[in-house]
Amino acid sequence: MNPAAAVRRRSYQSFIMALTVSRIASGAVAMAWPATTAQVMVHWSLNPGQVGLVQTVANVAHGLALFVAGWGADRYGAARVFRVSNWLAAVAFVGCVVFARTGPAASILFALLLACLGGAYAPALMLAAGNAPEGRRGAAVGWTLGGAFFGYFVVLVGAGLAGPNSPPQYLWCWLVPLALLAALTGDAAARRCAPPPKSQPASRSDLGKILRSRTSVLLTLGYSAHAWELLGMWAWAPAFLLLVLHEGGMAPVLAGLVTAAALHLSGALATLTSGAMSDRCGRRPTLVALALGGAACSFAFGWLQPFGAAVLVLVAVLYGFTTVGDSVVLKTAMVEATPPDMLGRVLAVRSIVGFSVGALAPGAVGLVLDATNPGDGVPQVWGWGFAALGCGGLLAAGCGLGLRPARAGREALEEVGPSGP
């Protein structure tokens, strides 16, 4: 390796390390409310509906921020939007710790927090993909997404160890340094970025051509189907797995740790490996294999209770791995199918479409469970509810098969051509 190449490699490694640490810390902060719902209900005397409303409002704010940040990244630069969003998120989280004491206050403050964190999401993907060497783009996107999943796991473990009797602010105070760490390491990553290539701003007609291209339509449809399965799984798989573990006599804290590891730590592992796998094997075969694996887990998961907790936990690990793994491949293919000067806006459109479809999945599963379980109370038959999610996995696999071979991402660029002169 010549000296110049060695310097570039060290610069990239320091960049991706700083970006990953920032995403780990941001992921932990993003889970502050979901991880402490038990403590909030005990200490604030909120019912589950009130607790859920806070997260719903925050999710809506997060989805809107994804859209706005994507457009802002094209206009002002991904690095600038990323840095500003991280610092605003740190300030917003301090506000949550200090002022959130009631449901309405938490709804406003955590909505601001999730909006700021959402503002950093698409720019982080753009920075990872834009600064990675050609053959390592999937791995770079994987590390960026995997960092957030590892952060989810860390805070869930911390909440489980703290127990439901500790005030929620106890865990939140421990997360304040992580909010600051996310901003500081995000700054460090942004300083190591290569300057974006200069090009003429894309016209609306160019953007329309990209969004209407065959590859773009398939990727958007596949991403929406993936979001349906993933968000539905995240909403219902923990409840089902915890129920089976509790019925098997496992202590509540240990059951929570096992559930977090099975569903979230496996997802972190998937993001770190599936991107590199797609770099070597191609986007299309990797996407199809993971989507089919996720669909198989969806169709099987809800029927496995009679086989015991060990079998269910093993399938939960595979479930978390496959449903998260194809997210990396889809996002990498999206990046490769879009000219750099339109990437933020295209990601914004796809994020809001996918988020909207995925947001319907938890409610749809609930309706299926109601229809297949007579009476009130805890469902006894779970299989049909998870099977509804498997339809999304099958559709995502079908979209992957519809993509052209090779890297399954560059067709749109070939159809439209680069924007500008």
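Cβ coordinates come from backbone N, Cα and C, glycine included.
Remember, TrEMBL labels are computer predictions, not curated facts.
Listed features, source TrEMBL:
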- 12-33: transmembrane segment (TRANSMEM)
- 53-72: transmembrane segment (TRANSMEM)
- 84-102: transmembrane segment (TRANSMEM)
- 108-128: transmembrane segment (TRANSMEM)
- 140-163: transmembrane segment (TRANSMEM)
- 169-190: transmembrane segment (TRANSMEM)
- 215-421: domain 'Major facilitator superfamily (MFS) profile' (DOMAIN)
- 217-237: transmembrane segment (TRANSMEM)
- 249-273: transmembrane segment (TRANSMEM)
- 285-304: transmembrane segment (TRANSMEM)
- 310-330: transmembrane segment (TRANSMEM)
- 342-369: transmembrane segment (TRANSMEM)
- 381-403: transmembrane segment (TRANSMEM)
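Taking pairs at least six residues apart, the transmembrane segment (342-369) and the transmembrane segment (169-190) share fewer than three Cβ pairs below 8 Å and do not count as touching. Residues of the same chain lying 6 or more positions beyond the ends of the transmembrane segment (310-330) and with a Cβ under 8 Å from any Cβ of it are 138, 141-142, 145, 149, 219, 222-223, 226, 229-230, 233, 237, 241, 244-245, 258-259, 262-267, 269-271, 273-275, 278, 283, 286-287, 290-291, 293-294, 297-298, 300-301, 304, 393, 396.
For the transmembrane segment (217-237), the neighbouring stretch richest in Cβ pairs under 8 Å, chosen from 53-72, 249-273, 285-304, is 285-304. Counting Cβ pairs under 8 Å to the transmembrane segment (84-102), the stretch among 53-72, 140-163, 169-190, 285-304 with the most such contacts is 169-190. Remote same-chain partners of the transmembrane segment (108-128), defined as residues 6 or more beyond its termini with a Cβ less than 8 Å from a stretch Cβ, comprise 16, 19, 22-23, 26, 29-30, 32-33, 54-55, 57-66, 68-70, 72-73, 78-79, 81-82, 84-86, 88-89, 92-93, 95-96, 99-100, 140-141, 143-145, 186, 189-190, 193, 331, 335, 343-344, 347-348, 351. The highest tally of CB pairs under 8 A with the transmembrane segment (140-163), across 53-72, 249-273, 285-304, is held by 249-273.
Within the model, the domain 'Major facilitator superfamily (MFS) profile' (215-421) carries an average pLDDT of 83.
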